[in-house]
Every structure is written in structure tokens, then in C-alpha cells.
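Straight from Swiss-Prot, the features:
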REGION    1-61  region 'Disordered'
MOD_RES   SER73  phosphoserine
REGION    108-251  region 'Disordered'
COMPBIAS  126-140  compositional bias 'Basic and acidic residues'
COMPBIAS  171-183  compositional bias 'Basic and acidic residues'
COMPBIAS  201-220  compositional bias 'Basic and acidic residues'
MOD_RES   SER214  phosphoserine
COMPBIAS  225-235  compositional bias 'Low complexity'
MOD_RES   SER226  phosphoserine
MOD_RES   SER230  phosphoserine
MOD_RES   SER233  phosphoserine
MOD_RES   THR237  phosphothreonine
REGION    265-284  region 'Binds actin'
Amino acid sequence: MTDVPATFTQAECNGDKPPENGQQPITKISEELTDVDSPLPHYRVEPSLEGAPTKGSQEERRKLQGNMLLNSSMEEKILKENPEEKLFVVHKAITDLSLQETSADEMTFREGRQWEKIPLSGSNQEIRRQKERITEQPLKEEEDEDRKNKGHQAAEIEWLGFRKPSQADMLHSKHDEEQKVWDEEIDDDDDDNCNDDEDEVRVIEFKKKHEEVSQFKEEGDASEDSPLSSASSQAVTPDEQPTLGKKSDISRNAYSRYNTISYRKIRKGNTKQRIDEFESMMHL
């Protein structure tokens, strides 16, 4: 059997040209990889010339071991060179969890788990219930007031036996009341005017009587002051006496006529007409 070197060339690892020395033992590569902090375990390959299998089986084993070492070294290099990616992944997972905990809606997780709604605390539920009650109370009060008003109206209609008066009826009733008040005021004014007329007529009658008495006194004084020696004055003919009686009769007739006819005119007329008629009667 021929001796087979138990080393990997540098060209097999990364495809570069081999170094001038020609070969590098696999033990050095394994020692460098163990120095790196990695969670993945790997095994050292220490070739032994004693009891080696055939050439084909040895080559297959070497290829498998080389692939494993390459994969582990690549992962370690990525973690060392880009630690930010690892932090980003962790931060993203934390934010996803926080959002899922705070949200009240149902959310689906990446693995397919379904999150239920987070129940609110007792204080928040009580606050919401109080707000709903406050909003519902005024609506219920308005509905109750409307129902009460309708019930009162229906009861009044049943009790009275007729419907309530409309606005037109109210206006007519107000107009009738105003008309009655106006008529009463006019009647009161008429009564006052009649009383005033009666008072004025009484004053006129009193003046008329006073004038007649004064006239009779003046006539008596004139007859006493006349000379008694004159025969014509002493001898009074019987024809002259009726003349005096006629004058008195005329004055009485005029007064009676004034008291009957003109009294009505004065009572019906206004103040100016009353004054004019009184002056005309005085001139008679």
C-alpha cells in the first residue's frame, strides 16, 4: 500500500493557489477553529497511517470533514463580522411580542398561534359603563317626559270631553274679550256724560229761576217808587192787568219748553252745542 498524506491542500479549502511550502497539516486548522467562540462542536481530524482504509473511503471522509469545517467557519465569521444582524433579529422579536401583548385585537403569530383579546382591567370597565350610563340617562329622561306629556294630554281630553282649543280659537276669544272691555268702557263714558249733562241742566234751571225772581223784585220796586199823585198811574185799567199776567205766562211757557225740548238736545250734543243753545235760549 502506498502512503497517502493526511493533509488538505489550501486549494481544496478556498480555491487559491497552494503556498510555497506545499502543504499545511489539518491539525493547525482545527486549532484555529477551536480558538473561536462557537456553539457548534467540531472534531479534530488526526490522520493515522496505521490501519487506514482504502483510498476511495478516505477521500470521501476527507470531503465530508472539509465541508463541515467550512460551514462552521463561515457561520462563526458571519457572527463575528456582523453582530448587528443578530441584535436586529432579537430586537425585532421583542417588539413583536410587546405589540402582541398591548393590542386588544386578535393577531396571528409567525408559528400560527392565535392571540386572544386582552381583557381590560376592572377600573377601565367601570369607567366605560359609567360613560354609557351617562349617555343613556338623558335619552331615557326625554322619552319619559314625552310619554308623560302625551299621557296628560290624553287624560285632559278624556276628562273635558273635547279637544284643546287651537290657536285660532284662542285668538278669537282674545278678540271677543277685548271687544267686551271696549264696549264696557264706552258705556261708562256715556254714563259719565249723562251725569255731567244732568248736572249742567240743573245749574241752568237754578240760574233761570234766580233770574225770574230778580225780575219780579225789580218790577215791584219800580211800582213803589213811581209818584202816587199821577192819576194815570193810579188808575189802573183792567186791560193792563192781564198783560202782566201774560208776560209771566210767556216766561213760564218758555221755561217749560226749555226744560222739555232743549234738555234733550243739550244732553245729546257736545259741549259747544250746549253752550250755543244755552246762549240762544237766554236771548229769548
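The backbone N, Cα and C atoms fix where each Cβ goes, glycine too.
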Task: Indicate the candidate from SER73, SER214 with the smallest number of other Cβ atoms within 10 Å of its Cβ, considering only these modified residues.
output: SER214
- request: For SER73 (phosphoserine) and SER214 (phosphoserine), determine the Cα separation and express it in whole Å.
  value: 165
Query: Per DSSP, what is the residue count of the compositional bias 'Basic and acidic residues' (126-140) in each of helix, strand and coil?
result: 15 helix, 0 strand, 0 coil
